[in-house]
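Peer 1: Starting off with a structure, shown below.
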Amino acid sequence: MPKLRSATSTEGRNMAGARALWRATGVKDNDFGKPIIAIANSFTQFVPGHVHLKDMGSLVAGAIEEAGGIAKEFNTIAVDDGIAMGHGGMLYSLPSRELIADSVEYMVNAHCADALVCISNCDKITPGMLMASLRLNIPVIFVSGGPMEAGKTKLSDQLIKLDLVDAMVAGADSRVSDADSEQIERSACPTCGSCSGMFTANSMNCLTEALGLSLPGNGSMLATHADRRELFLEAGRRIMDLATRYYQHDDESALPRNIANFKAFENAMTLDIAMGGSSNTVLHLLASAQEGEVDFTMDDIDRLSRLVPHLCKVAPSTPKYHMEDVHRAGGVMGILGELDRANLLHNDVYHVAGSNLADVLARFDIVQTDDAAVHKFFSAGPAGIPTTKAFSQDCRWDSVDNDRKEGCIRSREFAFSQEGGLAVLSGNVALDGCIVKTAGVEVENHTFIGSARVFESQDDAVAGILGGEVVAGDVVVIRYEGPKGGPGMQEMLYPTSYLKSRGLGTKCALITDGRFSGGTSGLSIGHVSPEAAAGGTIGLVQTGDRIEIDIPARSIKLAISDIELAARRTAMEALGKDAWKPLGRVRQVSMALKAYALLATSADKGAVRDTSKLV
């Protein structure tokens, strides 16, 4: 029988000092011997997805203590990618993932916690906590802050739905009046919660359901809705159940590595492809798999991308549907249910919400169940009232959306596309692969041949796009923005948004060793591996080169001879210490970022740190 980890600091005369300190935190005599449950919160007033989380830890703690545990809360950092976008702040976003993972590990191991509740929400926080959870391998459950309501406003007497990307595009589009731009800005992000489309934050929170580590509704129930309160309370009760199963009954199915195993990672990626999730999820799943010692690679993602149809199309791939609409259609359980009926899912994997995924789907897939309580749960809708308060409204749709022919979630027969929403491309530009979010690419652009327009940084690319250097037919190449070369692998939402604002969104392609915001759409190809700073071919592309992109064939090619390519590589290597560095780029890089760059791997490895370099 496993012994409570916390016994290390609570048992024995030699731990009198530790017990004295525990007592100073409120632990009583009869509490010693109970499991200590760590609550990793991520409240901050900087981030709308986290601004409402201050009291969530207390909710979870109350449920834990009622169930017989000791709850101890701590906080992690949380970076808002949208606010950090377009300036040097974005260099810190991806590296913050490793800091979050490390901080959770440090707190949990330093204090010998027995189990963990992760209260996350936005882009790097859920992945960082997921990496830590699989690294620690103690009972864990995730509960996120929930998505923001979609923005709504009336322009030209027409009611339109909005999100963050609309504000960015309008702000850069000279054809949009100042008044309309301001109106869109004021309406785009009306409430607390993670941005309202299928961007990185919501994608990752959905994937925790598929991995088996969070409760149904975690990825889709609005932050403002009163029903979300129960998810926090149930998370507290469930973590005590998981801890009891493991520590009292030696049930290893309660551990995250046995829940989020290889089959579960396949399920998560299958969901991601079916819902056209953010391309950033590829980075985070690869990184998390490595932490859990799961042999899940780009090859697996490529294989799945050829099998899974696109069943759920959400902003930014369409203005029609946002996360509130996904929830009405049954949320993640609705998508997983359709994948299960298409025989594309492993339904025998463990899940924190039931004995296995099949059991959870039987109870929570609105197509399978007539349970009135479940249908009521998924009818929770938006109020349309600006607020930063959680659980502030109890509005409901008249009915759930179970139309699998023309609704937000489709069956395989009526899929938006039989091709999934993400694809892995490879070729001489990206020998180790790159990622494109096909859900956001117009069908006519699935094959594209253009002339390279090379920029050594995102800043130069933005200036070039806004300055008219980029024209229809160009392939914008932004390099030295990978994990090592940036450092930090910046998101390229501004370049793609500015291409749209200049009417080039469907007339140009963009490839980069950086990454894209979940809000990106268009022919935007990121995660090019190896990155330029690691000797990748993208570092050898020259302006005017012909680049051929073929999504159906999963290929991306620099159309020059092997002899010419080899000659360019030889010339680059001859530069010695100046090889594989951006020409003329002036960028202040802090010591913290330099330390990150020393260990950073390319995107095909999840941009994790290569600790073998420390040996």
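Along the chain as shown, the residues are counted starting at 1.
Using the three backbone atoms N, Cα and C, a Cβ is placed for every residue, glycine included.
From Swiss-Prot, here are the annotated features:
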BINDING   ASP81, ASP123, LYS124, GLU491  Mg(2+) binding site
BINDING   CYS122, CYS195  [2Fe-2S] cluster binding site
MOD_RES   LYS124  N6-carboxylysine
ACT_SITE  SER517  active site, proton acceptor
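So that I understand the layout, could you describe where these features sit and how close they are to other parts?
Peer 2: For GLU491 (Mg(2+) binding site), the Cβ neighbour count at a 10 Å cut-off comes to 31, with all displayed protein chains included.
Around CYS122 ([2Fe-2S] cluster binding site), the same-chain residues six or more apart in sequence whose CB sits under 8 Å from its CB are SER42, VAL47, GLY49, HIS50, ALA78, VAL79, ASP80, ASP81, SER194, THR200, ALA201, listed in sequence order.
DSSP assigns LYS124 (Mg(2+) binding site) to coil in the three-state reduction, placing it in neither a helix nor a strand.
When other Cβ atoms within 10 Å of the Cβ of SER517 (active site, proton acceptor) are tallied across all protein chains shown, the result is 30.
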Peer 1: Cα-Cα separation of CYS195 ([2Fe-2S] cluster binding site) and SER517 (active site, proton acceptor), in Å?
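Peer 2: About 11 Å separate the Cα atoms of these two residues.
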Peer 1: Excluding ASP81, ASP123, LYS124, GLU491, which residues of the same chain place their Cβ within 8 Å of the centroid of the Cβ atoms of the recorded Mg(2+) site?
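Peer 2: Sorted by sequence, the hits are VAL79, ALA84, MET90, SER93, LEU94, CYS122, THR200, ALA201, ASN280, SER517.
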Peer 1: In whole Å, how far does the CA atom of LYS124 (Mg(2+) binding site) lie from that of SER517 (active site, proton acceptor)?
Peer 2: 12
Peer 1: Show which residues of the chain containing ASP123 (Mg(2+) binding site), separated from it by at least 6 in sequence, have their CB under 8 Å from its CB.
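Peer 2: In sequence order, the residues whose Cβ lies under 8 Å from that of ASP123 (Mg(2+) binding site) (at least 6 apart) are VAL79, ASP81, SER93, PHE199, THR200, ALA201, MET204, ASN280, GLY518.
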Peer 1: So, three-state DSSP: helix, strand or coil for ASP81 (Mg(2+) binding site)?
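Peer 2: DSSP assigns ASP81 (Mg(2+) binding site) to helix.
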Peer 1: Between GLU491 (Mg(2+) binding site) and SER517 (active site, proton acceptor), how many Å separate their Cα atoms?
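Peer 2: Distance (Cα to Cα, whole Å): 5 Å.
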